[in-house]
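Engineer: Residues or ranges marked as active site by Swiss-Prot on the basis of similarity to another entry: 549, 552, 650. What Swiss-Prot lists as phosphoserine is 87, and the listing cites similarity to another entry.
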């Protein structure tokens, strides 16, 4: 759902704010994870911190379904077990049936990776992982070290020397300001002396001991603890799970731990090739191929081409590698012949999908493969049992086997082609490439290619060697080396069966290490798993973290198992990894499964300063001026936390690749990133070569504050860039600890990068300007003209200025014993100086940009390549005060603003009153003006909605218009949005918001003045901060206003779910008071009618709330109020929400307009009313009934005075108070007139009131059938029900023809009439309603019809006339030939076009809700099932059966063509999916499901919740915050629909009320 969730979160947040302030004033951080059906998020990274609460909530696809969430996050105090899952309990704060607020939660107090999944019923429906960060602690006081504060330095352990000298060498890291040391493995090394080839994982490297003193892990542990406690430095070290040194003693004792030719026979062909290439290499070294163009010293492409030729001509032909994959043709044919000649042989029925194919020999012997003889017998069938037929069959079989063998031969050729290419690529890199190691002549020590397998025996000819591969006691020692495969899938193990990496020579091989074979579980290789677990536990006992070496090649299940063991001993284990997967999705799989805390990111991957700056922005922090995010918000996918390193121990030397002058600026850029940062020992001393993990045997230098620069074995602040590094590291830690979480990167020019770190609470910034030197300044041109820089705010100090300089000392000479750097290069640094003391800044001027923007213009004079300068910048004092005052006033909405707040006495007096106190005096009608009002509503007052240039106008003039946009851009921090641009560019929007409210009167103006007072300070802060604080002010005001609105509503709303509250705002949205009254005036004798002072006449006037039918099309003027729409919506929007007075006034206002026994549809203030609809009066009567039942003392309305505008049909409109009648008299008149029969011609009939209607259509007829009691009316030229589309196309010849006349007795009107008659009967029996009957003249006589008789007639005739029996032989059908759906209820009875009666439409569900007594439960249920199957869409109900010949589900009112059924939107009610009938359908289902069995009822509740969840989603995503009038088929957007419609919202709210 993305950030459409934002509005729902806002509403939850309101409840939450009141209850969850913790003691320290901070609100608990809560993240919400929406669960959606079949959403598998294993590749999505969700990062959380300890102390957070994670809530799982049901997304729309799961609401109403039985969902159970499982997780392996343990109970408090329990040990984590990856395989142990528990279910979470659902909590429902409202305890309602509605699922929109239901959640289950985890309180996160433990670090690591945790899995969750959820079941729908018993089926897994989705899942994913969450990663909880560790909490790192250092120092004697055990204070917290935030991950973004980490400054790490890598040490090659073997270069630390004897253990008793470590402290003096490690002190360099402490003095340089590092707070974490990463040691390469400390274990015994293998023969190659590579730091990562370990001979014994459990033993400390003996090199660290002295002859007289053996050091142990315990000694290492004591040192690590001392560093943590006394130096504030944490220690981590590598874990290497993929390989062990080839000379490891334990691997010889347990060869099953490696990939050998016994447990991995698929490697035999690769081994044979490997041995052949080794012998070829030895021959080349001895000069045996010199005369073939392959000398021992490979020097050019010609030599490479000759190698290719020799391999293809001499080596491959002798090896016959294809034979390992082929069938012995002779043996196979003979076996086949034997089976054919057996007497028991019979034809086997073949599966056409199965074809003859080679079955690989699992032992990989030459010609050891087979085929499935059953398939062969089913494929090659002799036509008789004679020898000739059998021989013919054998020949066909032989031919097929030869073809299959040939395919294997071709495949092997393809593999061999790749093997040669890879081999030559390797030779080129090692011997010819400029960036390669240039190994020189081929020797046994440096062979032509690295061997892929160990061979611990005397050498012998290739053919003799091959015999050993089938001797298990020998073959088990032929072990595969490890390495890496370029571009390979890291989730695939390249040594397992199915991979041809070794055969195709695609492995870049580490010949000193053997790849370890774990299998899928500890039982597959018990010794290896136990050995590596012990190794892990040693590390976890003594170190605070681990670096997963070569993580992308480590089997995930192995790393999971080992890290689980480590976390048992070190719960807050810091896990660092290098990943080279090439894909963020793949990275995320490793991060989420293993709970990796930080991924190593390399600055050396940047090819220029632009890219280096981009990486800073990519790896951490949010943009400067970001929006404040609420403490309760959706859980958003994250990118892995970065450990951003200027150089890793694997990188080539940057001094060689770039220049020595780049060390300082690049390290400054890296350190300004809002993430962990790191480096490698040697970088700061400016060691001008890569310190090799394999060949380097010298020791690091020691710390000596007194040492001279020329002293090769010691270093101090005079050496390299150490002094600057110390200042930069301290700054990095300060920025991380003090919340400088916002980052801005400015690429000033080709070489200069400025990185800003900003604190969003105190609004201080640190700006680091670095001039990189990717090219050597001595040999490349750099301009002396440096661009001027503008820094917004006031520069408080220069925190650091540093320049890389050359000093007069003899240049670098590589020392024999110590890893020494360049003594002649150092940095000149000055810290914490004033701007005027700077040697890099020439001058700094002050200028202003706009009215309040204070800017310092910096001119540089000595910003040479290799220089950096860091400024500490505050807002100018005036802006700083303004921000502080703003934050102080915002603390009433959120404790987040306490930091950096400033209380003053001289602010505007209105700000001394809490906003909630001001707003609490508002009525809902006033809140309508503050929050909503669309363009046409606002235009009535002479205004309009705010228009954002180059984008669009806001949907509402009120705050909701702004909040809808902010809800979209806030979660994404989309500061580049035109909305934000407009705010930064000027005060227009700010002034608009407060100005439109101040121009009104009363409390609305007070709200406007409060906003204006806040905006006074807002305008004084820098423009880049305005979007953030504008949002904060509005969200505080907006959420307060919502809360005040709900407090004025019913308890159903106040205690309701987010969805209920959300819908209830439709009442505020649709009900308002315009500049001109929309309703006729009520009787002056009503004492509680709202009044206002007319600003023009200065006279008191009624100002009753009216209900808009829909926005934006039916919102103002005479088109705002419609009788039918008003009374379909009134129960949901006014009665359920508890707005009883407004409901009463609307009922009475319409009562005053009764004429001809009808309520008008188009109200037109009463004076322009049109009495052309047959159903509005019945909806009005239904609402009076609902009012009486739902409102306390509701029956009192019956006695309320109604001011009759038209006491007779032909009266001129009378002023209010001229003739008052009690409401019960008006009701009786309506009933009497219908029974008498209504017939009249509309006033002013003709094009002046309807330009499309034919003349006959202006005649209005209504009455009651004497026999059935059914209300009837209409004719084929008018449309008097809600399906009221009148044709308007001349081209298609449908002008003046109603698409859906629905004349006769429309089913919903019959239902509404029955409901009213039944109710009046009940009231009359209790003498509450004074009439027991209606009196009418018939044939010159007065006839009485009692309500009892009328009620009985409808009851007796309804199912008889309306139900279409499932039995075709039923005799009650007048037009059996027109029936095309059985088991349904007709849409009408007695239509002039009888086939219209039989159309399936959703109107019968209305009758079911208002008069359920008319329906037999079983028949009703069947009809509802058909309606569900045929009519129910995603949001609405199809208005016509899709099987109907005139069905068309797409409404296009602009289309004018020759199609009679479509032109000019003729199909308005012939298929498009209208929303309001869904409410009645769902309510009917709920009602009748209770009359069925319990399972049916439960299923129905699921259905209702699931359907409603789609409305919830639409409501949240809609910028109008409403539900539309209709959609096109299958829920597609319809541009001709009202974006938010009163009756759509109302009937969904009614459904939730019933639920």
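In case you wondered, yes, glycine gets a Cβ from its N, Cα and C as well.
In terms of burial and nearby residues, how do these features look in this structure?
Structural biologist: DSSP assigns residue 549 (active site) to coil in the three-state reduction, placing it in neither a helix nor a strand.
Taking Cβ-Cβ distances under 8 Å and a sequence gap of 6 or more within the same chain, the neighbours of residue 552 (active site) are 490, 578, 579, 580, 581, 586, 590.
Classification of residue 650 (active site) by DSSP places it in coil, neither helical nor stranded. Around residue 650 (active site), a 10 Å sphere centred on its CB holds 14 further CB atoms from the protein chains shown.
DSSP assigns residue 87 (phosphoserine) to a strand. Its Cβ placed at the centre, residue 87 (phosphoserine) has 12 other Cβ atoms within 10 Å.
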Engineer: Rounded to a whole number, how many Å is the Cα of residue 549 (active site) away from the Cα of residue 650 (active site)?
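Structural biologist: Computed Cα spacing between residue 549 (active site) and residue 650 (active site) is 11 Å.
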Engineer: Rounded to a whole angstrom, what is the C-alpha distance between residue 87 (phosphoserine) and residue 650 (active site)?
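Structural biologist: Counting only the Cα atoms, the answer is 45 Å.
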Engineer: Can you tell me how many other Cβ atoms are located within 10 Å of the Cβ belonging to residue 549 (active site)?
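Structural biologist: Result for residue 549 (active site): 20 other Cβ atoms within 10 Å.
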